[in-house]
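Per TrEMBL, these features apply:
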DOMAIN    A:20-266  domain 'MacB-like periplasmic core'
TRANSMEM  A:21-44  transmembrane segment
TRANSMEM  A:310-335  transmembrane segment
DOMAIN    A:314-429  domain 'ABC3 transporter permease C-terminal'
TRANSMEM  A:359-380  transmembrane segment
TRANSMEM  A:400-420  transmembrane segment
Amino acid sequence: MFSYYLRQSLISLKRNPILSLLMVMAIALGIAAAMTTITVNYLMSADPIPSKSDRLFYVQLDSWSADEPFLEPNQPPDQLTWRDATELMRAAKAERQSAMATSMMVIEPDVAQQKPFSASVRLAYSDFFPMFNVPFQYGQGWHSDADQSRQLVVVLSHDMNERLFGGENSVGQSLRMGGRLFQIVGVMQPWQPRPRFFDVTTGAFADMNDVYVPFLLKEALTLPNGGNNNCWKPLPDATFQAYLNSECISNQFWVELSDQQAVADYQRFLDNYVTEQKKLGRFPRPLNNHLSDVMSWMEKQQVVSDDAQIMMYMALMFLLVCLLNTVALLLAKFLGKTPEIALRRALGANRRQLMQQHVLETACIGIAGGVLGLVLTWLGLLGVERLYQGNLKDLTQLDLPLLGMGMLLALVAAILAGLYPTWRACAIAPAGQLKTQ
Amino acid sequence: MLVMQQLTKKFRTDDVETHALRDFNLNVNEGDFIAVTGPSGSGKTTFLTIAGLLEDFDSGSYQLDGESVQGLNDKALSRLRNEKIGFIFQSFNLIADLNLFDNVDLPLRYRGFNAAERKRRIEQSLELVGLQHRLKHLPTQLSGGQQQRVAIARALAGEPRFLLADEPTGNLDSQMAQSVMALLEQINQRGTTIVMVTHDSELAKRASRNLVIRDGRASEQVVNQRAVSQFASA
């Protein structure tokens, strides 16, 4: 009977094309509004590294002023000082650890046709690559020896390798950056975790860096800050070394800890470290050191903004309004069909069979509304991307699960909207209808 | 075959109670052709819808083909209606956007026949009413008399034992009415029991039994020798 019901549903929809189109449009608009905001929220709140997000921890030490917290209520700073970052690296108490910072360097390509250009640099330790599952196209990350010996080695992003070497294997070649020759040891595959969890301080959805070099080169080459820098204490002088020794924060710090015991041990280590530092006159605030796993850190940093969530709730309310309109339109349509329903009853259809037929009809409306709604969602996401001028790039893409979710939402919404009209129409007394024909 | 005893049906509005049928008794035998007449509002259509299991009754008993219909659920009533009863309506009640084949197919779909069996029955019943060559036509492409013939074909396709007709010639001119009546007589002669509500006394005279309903009660007039019912008025 399914194919029969389906054919009858399509005939019924063709019978009142404008009414059918209105219902499809109502569902499509509701689905488009809901799916546009759900997509942005879903991609914003996605786990960027699901295989180990519960084993990676962001480190916060409360090195801020005694007079006021870094952020209310009593939040420690979101970055570390150079001194603390390098001390924690020296202690090496975690399974893997990496301090990070960002900078800018001028790249001078060997090719005469290419002019020098400024590239974004991520300073990190060798653990950065295995810790964050960085995929390599050629070569690999540098060896840990290069960290301490401050070797001039570099890992290129996929895009940078495309730009400089046309995508060829450039491992082993030299690259002039900041007036010095760096040896290329690795080229990444395209890698764009969303959100860019390992550094949300410069924007959770900002572009990835162009090149990656050892962290301590910041000191060796006196590289400028490329990201956020916050200070609560004036610098004693304007030298670079004074800045590195200051209480200014501009470095991120991640550790990989395999279990709860390791987390507890590392927390104890941090507290002990800060207690020792207090004896040196630093860390004037009470102990307030945090270890946050990836998803907790995303939440703390409000990667999914309140605005996006409010927009999603408003869009869901709009979907509800669209569904109420669909209920009214379906009610008008199905009550207009009561003579036919009465006739089918007279010819032997039971109420359940007629309910099935009409539920299938609403499902057809839902599917049509879903398809149109997803097209509108795609347009809506393009609009959002334009509105934010590319800052939400990659957050405005419908993937297969989202497409499936959109269709399912449309189908369920349409069937729910159709339940009452279907019940009303199928509950009519056939005798009364047949008499009035 | 169809036995109604002491049947009562009341319609209630806020402050008015109307007896549509009261102490209604009827015994229809196999092969009967009963014409039901009576003034407007006398209860003819109510009787027909109760007989067709489209409406419930308040008291009394009703047996269809030896089976009491009282207390049957919607599914069982629908099955009985589908298997044993065929309906013919004054306004034909064809679905405008289904062709003749699909209109006649309606009761067969709910019967669960396979495609080959449905096709055989549809073609056979349309042939009986002389419209086998217009399977793919829409109802609007037919005259009123032809539309009623399609409705008769639809009623017959499931080979029901009863045909319930509500003013089947009411919307037709006299020539078409005669033609449809002749078709019903032919169907009756093939063994199908027919109960027909009509206002036309001339057509009523052609039935084997004449039932007159007044104020919800039935009385019978024997109109020819084919009358065989054991009628008992309350």
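A Cβ is built for glycine as well, from the same backbone N, Cα and C atoms used for every other residue.
Remote same-chain partners of the transmembrane segment (A:359-380), defined as residues 6 or more beyond its termini with a Cβ less than 8 Å from a stretch Cβ, comprise 2, 5-6, 8-10, 12-13, 20, 23-33, 35-36, 39, 326, 330, 398, 403, 406-407, 409-415, 417-419, 421-422. Long-range Cβ contacts of the transmembrane segment (A:310-335) within its own chain (Cβ-Cβ under 8 Å, at least 6 residues beyond either end) map to 16, 19-20, 22-23, 26-27, 29-31, 33-34, 36-38, 40-41, 341, 358, 362, 365, 413-414, 416-418, 420-422, 424-425.
When the domain 'ABC3 transporter permease C-terminal' (A:314-429) is classified with DSSP, helix, strand and coil residues number 96 helix, 0 strand, 20 coil. Mean model confidence for the domain 'ABC3 transporter permease C-terminal' (A:314-429) is a pLDDT of 88.
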